[in-house]
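The structure under discussion appears below in the form of structure tokens.
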Protein chains: 2
Amino acid sequence: MTKNTKFRTPDCGLTKVQQMLGGKWKLLLLWYLSEETRRFGEIRRCFPEITEAMLTKQLRELEQDKLIHREVFKVVPPRVEYSLTDLGSKFFPIIEAMYDWGEENLKN
Amino acid sequence: MTKNTKFRTPDCGLTKVQQMLGGKWKLLLLWYLSEETRRFGEIRRCFPEITEAMLTKQLRELEQDKLIHREVFKVVPPRVEYSLTDLGSKFFPIIEAMYDWGEENLKN
DNA sequence: CCGTATCCGGAATGATACTG
DNA sequence: CAGTATCATTCCGGATACGG
């Protein structure tokens, strides 16, 4: 017998994670938001390579997956803040582990 | 100042990890191979949803990234075995953490 | 300031047939 | 058994323009 027969269910945790974080920028965005709450404009300036449309899309997907929280302040000019949810925070150590592994093992 | 200014280098570890594991099946394949060395046919039977062409491609990419080792036995009929490299093994705890996080937090 | 709407190209993935 | 070769398709991400 093998150890990990559990892993082959169609909705196994790993499959879901892969789907949730498949977006090209999601890990980076989560990492950035883990530092502190950020306004939309801050995020945009920090990631100039992402177009606004794409940035909005990825943020909304992260919100739907309950990894980040989006708060709209009804003021003029508008103000929108993004922050990690508890769920997102719980995932953060994994992101750090991936970063560390990458830094340690993928030098060039 | 923010804590993680390091994370925004263009070739930061996290970006590389995302690129390496972006493939739709790579996490699952690594997980599967972490159990033990597998022959091509075994892998194919375990993942019937992946076409042969795609499976070959993803395995070769993992090999190029030095996460898995591919060994060809020159016999008839041919025999090819795949196994994790040391580098791949070092990444395994992260996969487990992702799996656990998914199982714990993404129940429907 | 913080978005949405629309269109588009190319990469990622898939289906099918064939081979040493 | 373990692949290649081709062709089709889907889908992610990008460019650009416009809106409350």
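Cβ coordinates are placed from backbone N, Cα and C, and glycine is handled just like the others.
As annotated by TrEMBL, domain 'HTH hxlR-type' applies to A:12-108. In this model, the domain 'HTH hxlR-type' (A:12-108) carries an average pLDDT of 94.
Here the domain 'HTH hxlR-type' (A:12-108) has, by DSSP, the following mix of helix, strand and coil residues: 58 helix, 14 strand, 25 coil.
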